[in-house]
Amino acid sequence: TFSTGLGRFIYKKRVGTRTVLVGHRPVSETDAYVAQKFCDNRIVSSKYTVWNFLPKNLFEQFRRIANFYFLIIFLVQVIVDTPTSPVTSGLPLFFVITVTAIKQGYEDWLRHRADNEVNKSNVFVIENAKQVRKESEKIKVGDIVEVKADETFPCDLIFLASSSPDGTCYVTTASLDGESNFKTHYAVRDTTVLCTHETIDSLAATIECEQPQPDLYKFVGRINIYRSNQEPIARSLGPENLLLKGATLKNTKKIYGVAVYTGMETKMALNYQGKSQKRSAVEKSINAFLVVYLCILLSKATVCTTMKYVWQSNPFNDEPWYNEKTKKEKEAFKVLRMFTDFLSFMVLFNFIIPVSMYVTVEMQKFLGSFFISWDKEMYDEEIKEGALVNTSDLNEELGQVEYVFTDKTGTLTENSMEFIECCIDGHKYKESISEVDGPLKYYGKAEKCREELFLRPSGCLSEPRGFFFPSLKSYQLLHILNFDPVRRRMSVIVRTITGILLLFCKGADSSIFPRVQQDEIQQTKAHVDRNAMDGYRTLCVAFKEFSQEEYDQIDKQLCEAKMALQDREEKMAKVFEDIEANMHLIGATAVEDKLQEQAAETIEALHAAGMKVWVLTGDKMETAKSTCYACRLFQTNTELLELTTKMVGDSERREDRLHELLMEYHKKLLQEFPKNSGGLKRSLVLNQEYGLIIDGSTLSLILNPSQDSSSSNYKTIFLQICLKCTAVLCCRMAPLQKAQIVRMVKSTKGSPITLSIGDGANDVSMILEAHVGIGKEGRQASRNSDYAVPKFKHLRKLLLAHGHLYYVRIAHLVQYFFYKVRICIHLTQFMFFLPLTIKSIKPLYDAAYLTMYNICFTSLPILAYSLLEQHINIETLTSDPQLYMKISDNAMLQWKPFLYWTFLGAFEGLVFFFGVYFLFQNSSLEDNGKVFGNWTFGTIVFTILVFTVTLKLALDTRFWTWMNHFVIWGSLAFYVFFSFFWGGVIWPFLKQQRMYFVFAHMVTSLSAWLAIILLIFISLFPEILLIVFKNVRRKAQVRTAYAPCTLLSYFS
């Protein structure tokens, strides 16, 4: 996505208007003109440059608490005399910082490369009546640009002329708003004849327009055309004259336009809003665990420091005869010595917080995201596109979704309209119409003049396909009253050949019926309601005739409103409101928007997985309700509760009526589910399913009630009703209301994980608001989303298979990391300190082992596991949605499994330490009578723990690949090789060669071999017993054809 920091800064800083010289040609030699500075046409989506990458990236990485903590520990080791080398924390920290920087640098390089593809693309600019080739980034505001058919507009252009003699061109904006239909744009009528290099270069004009703003559908401007010895001609400019960057020219050979917004000031760049940082539930659990371990670390350091000084309170212990203190040690400030010792203990035990876990998690998320993009089953042959991952930080969140909010049109449906029937003056016309007087299936027939009157708008307001109207005559198009979501209608004013002035208006029934004669509504309304119940989308058509005097007045008002640079939209809306009044209703049309393939099966699967599906749409209630039945959101036995304008009414007592309905529904649901007041449990089995239907106006009344106290708790009661319903339909929703609904649910008690899926610009707000946002591939929503899929049906596999596996993998990774550092560095080191090294603060393990443990010895096996593990095969996960509920509510990272892993680590740590400790009670362990020392003790313990934690992962692995075998057995082999190599060479940079030949001597002892094998078996024996017991119990319970492997140790 494009970075908008610059764009938003520009948008906020600049106010008023800008003046653009077309072709950079001065319009008058006498008028003074102060040149304005505009940004170039470079698009910048990258985050770093070569010069700021290092400082900026380091600053961002050290804002992470764990990285900052290890930096402090490293500095303490450098400054204070600590028991371990600074390398033990410095090298892992350097590794983490380096790997993260490489990952972020690579991602930013991809953004740089994408920017360069756009910025270095060739465009043609008209200079001195010649066509000049330039790079796109070199376009300046005021340049006249030539764009040819099927090319993309390089910046925002004011349309001046085209190859079409009528000064029109056709544009598709699929990359901007997801709409694939062709839109007609119009050149300024005084410049349409300037369709050659020479004539367009001779244009002397200035453009006054608003400063850059992100609304794709709004533009206010004015062009002043200067001709010799004549007064300047002023023409209004609107959205129909603006060609947006990213749109594509279609069915037109070429156009000329003048650049008005370039680079990061284009509407396209301003629309790519920076998404707020989303944090997954797993990340929050990690932070909670880290707080716990940090408290344990502080408490242990405090206890050990206290015990040391209690022990040293005896003068003999504090200063024995063989180790007298120096003068400097005697004069040292005691509090300072205590603080230094406290820091030393912090350093000794700091490995309880695994810094390498963060880089492993980052790598797992980054590499794991490719499996979604590579999934061939999520590739759509029709549109030649597959799934897209815009962020890899939320992979595991796909396995925790509780609420799914979906748009209807284009998401659940195909957004491909097929004509079904029309109604003229209450008479129904069905099936294909070949000509007006041709064969029709009808129930009664309207007058021929009314039929022709109804069919005339088909040529003005739409592009009908498959119909031919021989009796229609051409007419002059005078004005277009463009559609907007507030009016929900569109109109045209035309003049017929005979000079009659007509207005034709089409729109939703709710926006047409109040503006026509009331006695004309009844018959058409019956057809509209019936069509809506059948699931069809309806539009009503009305007309109005003007006298010449009325039209002159309207034309003057429209021209004045269009020329305004300030508050143009408000002035235009007021004029439209006056024009579109007292119309006459002609009829209505019904078109079918078919459900997408497997949409119903997908919703059923999501319900079976424990998710609640809400449909948020701008369609009318009857149409949306029918679609919800068709896609099985509502079942035949679902009792529907309605909170709509029809139920509430529009009188002054509507708030009282709303209060009555809310209390009635609330009471009914409380009686049905008295114990489950929250209604958030997925495993809830309902005796009676309830569905809720609410429209936009009623929702506004609930969210924005009047100030009296009786309405202050509307939102709370409404939310409780919603949470107890299995499905909710919100119709007639504005984009902002969609986001409000999502925000309301995600902020409830328990903070349920929400997912929003949509395909259009009106869905962007709810996609950004949800924990996980999913867009339809190739649409504007997809560029603002976290993931994109070609079809709604792919949501099933994305959640039930990929989401399930991602969550299990990363949850196991987190628990495993804490487990292997608990039993290794922390517990065994703590046990070693208490009885043996209370005075000297001596480490149990060599610094090289401490450094390599998380980086090399145990890192690759868990990374491979977290990328490849399938404890249940994908086909089973997709076909049995109930398996999704087993990992719901962050089940694998709750305190119960956390305590299980903690006790498992504590048990194994005690076995390691005391097993080797009792082995060392035998004074002679080698054949030559040589006694093993402390470093041999630590090496034996470390060897047992490396083999144990690696074999533990092998026991947990259910899906073996060659890569799993390679990294697991290869890691163990590498540890043995490293131990021989590290202890077999005298390293000149080490002051003490304490590990020289320690490992080689250790493996020559039969007692050491027996101890290692026996203690590994004892440590893993409870886990083996548990696996056998659970497998036997599972096989006894399974009665189906397949036998999915359940999670074994995770929920124990």
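Each position is counted from 1, following the chain as shown.
Cβ atoms here come from the backbone N, Cα and C positions, even for glycine.
Per TrEMBL, the feature active site, 4-aspartylphosphate intermediate maps to Asp407. Annotated ATP binding site per TrEMBL: Asp407, Lys408, Thr409, Phe483, Lys506, Arg537, Thr617, Gly618, Asp619, Arg732, Lys738, Asn762, Asp763, in sequence order. Per TrEMBL, Mg(2+) binding site is recorded for Asp407, Thr409, Asp759, Asp763. The domain 'P-type ATPase N-terminal' annotation in TrEMBL covers 35-89. Sequence annotations record features per position, and here TrEMBL assigns domain 'P-type ATPase A' to 119-248. Taken from TrEMBL, the feature domain 'P-type ATPase C-terminal' applies to 783-1032. Positions annotated as transmembrane segment by TrEMBL: 288-311, 342-361, 850-868, 898-920, 932-954, 966-990, 996-1029.
Here the Cα atom of the residue listed as 'active site, 4-aspartylphosphate intermediate' is found 5 Å from that of Thr617 (ATP binding site). On a Cα basis, Asp759 (Mg(2+) binding site) lies 15 Å away from Asp619 (ATP binding site).
You'll find the Cα of Lys738 (ATP binding site) roughly 14 Å from the Cα of Asp759 (Mg(2+) binding site).
One residue stands out among the binding-site residues Lys506, Lys738 for having the most other Cβ atoms within 10 Å of its Cβ: Lys738.
The CA atom of Thr617 (ATP binding site) is located 12 Å away from the CA atom of Asp759 (Mg(2+) binding site). Its Cβ placed at the centre, Asp619 (ATP binding site) has 24 other Cβ atoms within 10 Å. Sequence-distant neighbours of Thr409 (ATP binding site) (same chain, 6+ apart, CB under 8 A from its CB) are Asn415, Asp593, Thr617, Gly618, Asp619, Gly760.
Among the listed recorded positions, namely Asp407, Asp759, Asp763, the Cβ with the most fellow Cβ atoms inside 10 Å is that of Asp763.
Note: the Cα of Asp759 (Mg(2+) binding site) and the Cα of Lys506 (ATP binding site) are spaced 24 Å from each other.
A simple way to gauge crowding: the CB of Thr617 (ATP binding site) has 26 other CB atoms within 10 angstroms, across all the protein chains here. Each residue of the domain 'P-type ATPase N-terminal' (35-89) gets a DSSP state, and the totals for helix, strand and coil are 27 helix, 0 strand, 28 coil.
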